[in-house]
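Chemist: A single structure is presented below for examination.
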Amino acid sequence: MGETAQIQAKFFTKDERYSVPDTPFSIAGSTTPEQLSSLINALLKESSASPDQDEQPAFDFLINGELLRLTLEEHLETKEIPQETIVHLEYLEKCPPPSPVDSLIHDDWVSAVHASEAGILSGCYDNTLHIWDTATGTRRLTIPGHLGPIKSVKWVAVAEPPCTFVSTSHDETAMLWQWDRRTNAVESVQVCRGHARSVDCVDVSWNGAKFVTGSFDHMLKVWSADPDSTDTDHGQDGSEEGSRKKQKTVDGKAKTRVPVLTLAGHHEAVTGVQWTDEGEVATCSMDHTLRIWDVELGGMKSQLAGSKAFLGISYSRLNRQIVSASSDRHVRLWDPRTKDGTIVKCSYTSHAGWVSAVHWAPNSDHQFISGSYDTLMKLWDARSPKAPLYDMSGHEDKVLAVDWSLGKYMISGGADNQLKIFEHK
């Protein structure tokens, strides 16, 4: 295509505040997204549809559902779209850049994080858990208890006191805790035993009744999340833990809890787990597979094959899709409902090291974050596979964990002993 190519384009938007006339415009092929944004603002000014404000909004543009990151001409050539056709450009307000809010210092690697209205829960390689005040960044509590590095943490219930959360560790256990926000007292109420190696990941069911753990022992285990449950847990898999007697209390300390269900099938460490429905769980593993499990029937439903070891996954309830972190620098988008078992919907390439963690936005079906050994956390739009929206720098060593459970805050934990908080506007 020549530099002087003229392209016929129509603009449309779902945001009525910024609508412009639905007429074709002749636009130079060399026009950039920034120049298109200026054009929309000029049209808005002409039609007086623009809000009464000095600052002009910046816009992003979509062609056939993909964000425009090149000139119009380059994009059409890349996508093999004939330049003679009328190009329909959807535009939307541009996502503002995240701003750094705080850096919370730990004494060792920060390997786990989960934020809620109750506060930020973090796990450390010095075997300790921490609860932080989200608004002020002050440490509420440092909690010893595990005998090995913390691998994952998750709030279970925060609506009513006391708050409940679960932690997993290299010490082969998961622990269920209760924390009183008013008195700042914390208690370990259940020690969950059954795994034979490091317990590397955890997720809580949507109704808060159960949680599921994945381990370096290749196993997936489902547990009751009720702190007061004293029922005998009969394993549906016929394993020995299911036949044990009721939970025991030793010297008044935390009771020992056994799993409700054990699921075997992975051939290597289970590195990520997510509830995808009340009775369904997705896992990823170092064995290069994603698997979907039916925890009601106690078996595997489907398997998606990857090409590299998976290090983490995140499931979006809004779009019902999974993003995965891998040991080959790429983030991948999967549809767990696919039947052929191999379809990767999209790959996102920008990191320069292993991608250690991913997390969907809680209130957007397009945005997610990733953390990598290259020290960066990145904000992505699923419609822009070639480049992230923004890089969030600040870590001085590899990023080990990320969290975007609160819409306002994107959080990363790193091997530089820091927990970084960025605000999403």
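Using the three backbone atoms N, Cα and C, a Cβ is placed for every residue, glycine included.
Feature annotation from Swiss-Prot assigns region 'Ubiquitin-like (UBL) domain' to 7-93. Swiss-Prot lists 105-142 with the feature repeat 'WD 1'. Look at Swiss-Prot and you will find 145-187 tagged as repeat 'WD 2'. Annotation comment: Swiss-Prot describes 194-233 as repeat 'WD 3'. The region 'Disordered' annotation in Swiss-Prot covers 227-253. If you look up Swiss-Prot, you'll see 231-253 marked as compositional bias 'Basic and acidic residues'. Swiss-Prot lists 305-344 with the feature repeat 'WD 5'. Summarising the annotation, Swiss-Prot assigns repeat 'WD 7' to 394-425.
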Chemist: Cβ under 8 Å, sequence separation of at least 6 from the ends of the repeat 'WD 2' (145-187): give me the contacting residues as numbers and ranges.
Modeler: 108-109, 111-114, 116-118, 121-129, 131, 193, 195-204, 208, 211, 213, 215, 223, 225, 227, 254, 257
Chemist: At a C-beta cut-off of under 8 Å, are there same-chain residues at least 6 beyond the repeat 'WD 3' (194-233) that contact it? List them, or none.
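Modeler: Distant Cβ neighbours of the repeat 'WD 3' (194-233) are 148, 151-157, 164, 166-174, 176, 178, 241-242, 244-247, 255, 257-275, 277-278, 281, 283, 285, 293, 295, 312.
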Chemist: Using DSSP, how many residues in the region 'Ubiquitin-like (UBL) domain' (7-93) fall into helix, strand and coil?
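Modeler: Across the region 'Ubiquitin-like (UBL) domain' (7-93), the residues distribute as 25 helix, 24 strand, 38 coil.
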Chemist: What are the helix, strand and coil residue counts for the repeat 'WD 3' (194-233) according to DSSP?
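Modeler: For the repeat 'WD 3' (194-233), the helix, strand and coil counts are 0 helix, 17 strand, 23 coil.
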